[in-house]
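What Swiss-Prot says about this protein:
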| type | residues | note |
| --- | --- | --- |
| TRANSMEM | 20-40 | transmembrane segment |
| TRANSMEM | 62-82 | transmembrane segment |
| TRANSMEM | 98-118 | transmembrane segment |
| TRANSMEM | 138-158 | transmembrane segment |
| TRANSMEM | 183-203 | transmembrane segment |
| TRANSMEM | 234-254 | transmembrane segment |
| TRANSMEM | 273-293 | transmembrane segment |
């Protein structure tokens, strides 16, 4: 069977078609919460400029991945309606090179950027007493450095690929790069799992030091922001690790057990993790991040308000009132002398 016959059998298989429609619709719906999060939540939030910039970079990278999915899955959904011959269903080599590069970048770059966010939060903890006045340069440097590293990673990933033959799917990594993809996925999962644990302990350390570093209002404010943003980073990291683990587990199960109950190549391709877990993650991360960010910001406002507001009732209120009266009498007494 040649490629034209194979892609024809795959493209019109019912299960495969359903998976393409699911992924396309999920990707389209993912755009809106991500745009809302970036434009109406992160852009106007009161976080330090460095961490705010990195969050915007991170979710913009995910948005790029989502838009890439919208284009390539729209191709796989629409072309079968328009194809005149079987070979029309094949993916052009030039388009395949472009969108596969963007696809790998969209998956790997957010996982490097989240490491940069952790590094920035560590710096914010170390320099908590003066970090309020730190310029945007740190966030820009970390964000650009993460993207340059990932671009180099993608370049070397496809270095030996010629992309001189049409492909059945945009998401079929060439056989010569298959081992690289496995290495990349497992390495990123391991690194991000360690990062998740590190973020958890970073929240604990921030909470402990917040009670000790109370020498100024600005320091207390910075420590409170450190706790809120590190919790948000921990949440993002957890969702990323969870879904990426599901993706790898799902892929291994299909690879090992799939041939036993999925009889055709089309059925095997239709239930690949890339068609299910990654689009679902892209949808959930936008919605869940909006919800958790709103919750954490309300928590931050309440705690900061409690820090700077005087109590007017109870024992604390009576003590504050007494101290204020004593200060007035001391001032009057000093004036008479």
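Cβ coordinates come from backbone N, Cα and C, glycine included.
Only sequence-distant pairs (6 or more apart) were considered; of these, at least three Cβ pairs between the transmembrane segment (273-293) and the transmembrane segment (20-40) are under 8 A, so the stretches are in contact. Contact counts against the transmembrane segment (234-254), taken as Cβ pairs under 8 Å, peak for 98-118 among the stretches 20-40, 98-118, 138-158. Outside the transmembrane segment (183-203) by six or more residues, the chain places 104, 108, 111, 114-115, 118, 121-122, 125, 153, 157, 227, 230-231, 233-234, 237-238, 240-241, 244-245, 247-248 with a CB less than 8 A from a CB of the stretch. Residues 11-12, 17, 20-21, 23-24, 27-28, 30-31, 34-35, 38, 88-89, 91, 99, 102-103, 105-107, 110, 169-171, 278-279, 282, 285-286 of the same chain lie 6+ residues outside the transmembrane segment (62-82) yet bring a C-beta within less than 8 angstroms of a C-beta in it.
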